[in-house]
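These notes concern the structure reproduced below.
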Amino acid sequence: MRIDVVTLFPDFMRQCAAVGVVGRAQQRELLQVEAWNPRDYATDNYRTVDGRTCGGGPGMVMLIEPLRAALKVMREAAPEPVHVIYLSPQGARLTQGRVEALAKLPRIALLCGRYEGVDERLLAHEVDEELSIGDYVLSGGELGAAVIIDAVGRLQDGALNDAQSAEQDSFSNGLLDCPHYARPVHDALGDVPEVLLSGDHAAIRRWRLKQSLGRTWLRRPDLLAQRALDAESRALLDEFRREYAREEQAQRPSRQNDAVNDDRNH
Ligand code: 4HQ
């Protein structure tokens, strides 16, 4: 897969794509990341890429011309049509589902805005999809582009080792990940749960699924509401909730203790 990034900070984007799993995917030629600087396509002596916003007020807007020229050269260097994505808080929220679909495309381009963003007319004519990485404001689209490159790059066939296999990730089954432990088994910080040392692979799979379901229920109930659970998952989540209620009750001071504390306080 090839990813083209249109950005005022091409070196930063190249460096982002050079590390870790994604960097290795590039070395293995599973992924190619190229950056294009709209400033290189500005035609005036100052190499201007931004202008005052029409209607007045503070802030600058990225000009149509340098971006259109950069996108034109980028598209002409591609044998196939390119799916162009603009990063902005106004876009649809990026999800693992969308990441998985993008990872199957032969070629995408990521358009990174700075300042107040990009002239709306360029977006209307050159952009296929607008995506947001979350409900907060960044100073530019580059970190959003880096997020997409990382999430999409690691899904390229052969990018992950067996041990990192993508099927085990959070969200790949719509649930949060289970807890993970390594040696030592006993530590001042606590013990590794016994079932993980049992060698009973069926029991370990059930424990992990139950932890995933339980943590999703506790931390991201919105994710659970989005999917129908099968009978096994329903039973495991029920178990988790019963155990959780019991532990919560054990930790809550009893009414009797409240009375004792009242005596102390008065
Ligand atoms: N920005 N998800 C404003 C973002 C953003 C986000 C990028 C800031 C575009 C013009 N991008 N510029 N959130 O906050 O992707």
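Every residue gets a Cβ built from N, Cα and C, even glycine.
Site annotation (TrEMBL, ligand S-adenosyl-L-methionine) includes Ile133, Gly134, Asp135, Tyr136, Val137, Leu138; from Gly113, Gly153, the additional listed residue is Gly113. The record assigns Gly113, Ile133, Gly134, Asp135, Tyr136, Val137, Leu138 to the S-adenosyl-L-methionine binding site, and the maximum Cα to Cα distance across that set is 16 Å. For the domain 'tRNA methyltransferase TRMD/TRM10-type' (1-225), the model gives a mean pLDDT of 97. Listed binding-site residues: Ile133, Val137; maximum Cβ neighbour count within 10 Å falls on Ile133.
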